[in-house]
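Notes to accompany the following structure.
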Amino acid sequence: VKSEGPKLVPFFKATCVYFVLWLPTSSPSWFSALIKCLPIFCLWVFLLAHGINFLVSHRSASRILAGLIFSAVGDAFLIWQEQGYFIHGLLMFAITHILYSSAFGMKPLDLKAGLLMGLVSSCCYAFLYSYLSGPFTYLVAVYIALIGFMGWRAVAGMQLCNDLWTWTKLSACIGAMLFIVSDLTIALNKFCFPVPYSRFIIMATYYAAQMLIALSAVESRDEEDFRKRS
């Protein structure tokens, strides 16, 4: 906390600016896009503050940074979602989940966690299916599969029974779950029914998720060294 906390101060300030200004979504502009993306830009800086050499030599950290870059582009597209850019944002976040899944890795496999996430993802899609039409019937299915896979890889890293977990793996796990909550709220609000305080729920869980996933990259050097030793 002492070493990483100060590096996150710009992120917390930018997040406060977003919630204080609370710019209306009915009138999208480049300024509102900037304010929405600013906390994610700060997370870029947070990772870059650990050094270019660290990012280049540790693939998991560089993939999380790449995921944050695609997230910011997706955020910008979603500012103009009513003008037909929702699918563009969906694509950007799908790429983000692929990058995060790659960063979390495939070891340990933990098939039980995979089956659980598969069941949860299937239930979510089954509920949404009757509300979907056109290309969204397939696009949402693919997206749910990708974010469910990302959630599986984050949960699989938590080996509580074997006492091999670290605070960064816990951070990745909680971050992935919050990301799922954020995206599920978007889906319910857009396709099914109005969700009370939806924008606040979506953005609060989203920013928290991105911060925690960015934090999970901090000790990736130690985790890779551990995997090499084992």
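Glycine is treated like the rest: Cβ placed from N, Cα and C.
Taken verbatim from TrEMBL:
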- 30-49: transmembrane segment (TRANSMEM)
- 61-80: transmembrane segment (TRANSMEM)
- 86-106: transmembrane segment (TRANSMEM)
- 113-132: transmembrane segment (TRANSMEM)
- 138-155: transmembrane segment (TRANSMEM)
- 167-188: transmembrane segment (TRANSMEM)
- 200-218: transmembrane segment (TRANSMEM)
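Away from its own ends, the transmembrane segment (138-155) comes close to residues 87, 90, 93-94, 97-98, 100-101, 104-106, 110, 113-114, 116-118, 120-121, 124-125, 128, 132, 172-173, 175-177, 179-180, 183, 187, 191 of its chain (Cβ-Cβ under 8 Å, at least six residues beyond either end).
The list of residues near the transmembrane segment (167-188) in space but at least 6 beyond its ends in sequence, with Cβ under 8 angstroms from a Cβ of it, reads 93, 100, 104, 124, 128, 140, 143, 147-148, 150-151, 153-155, 157-158, 195, 198, 201-203, 205-206, 208-213, 215-220, 223. Highest Cβ contact count with the transmembrane segment (200-218) among the listed stretches 30-49, 86-106, 113-132 falls to 30-49 (criterion: pairs under 8 Å).
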